[in-house]
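Working notes for the structure below.
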Amino acid sequence: KIPCGESCVWIPCVTSIFNCKCENKVCYHD
């Protein structure tokens, strides 16, 4: 898993367009 450099505490991952998913309040890429 690679951190996408984005948090998702208050808003969803904007980087989800790059297949980033929220996990433990941080956006990760599989």
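Placed from the backbone N, Cα and C atoms, the Cβ positions cover glycine too.
Annotation in Swiss-Prot places Cys13 in a disulphide bond whose other cysteine, of Cys4, Cys27, is Cys27. As annotated in Swiss-Prot, Cys22 shares a disulfide bond with Cys8, one of the listed residues Cys8, Cys20.
According to its DSSP assignment, Cys8 (disulfide bond) is coil. Ranking the disulfide-bonded residues Cys13, Cys22, Cys27 by the distance of their Cα atoms from the Cα of Cys4 (disulfide bond) places Cys27 first.
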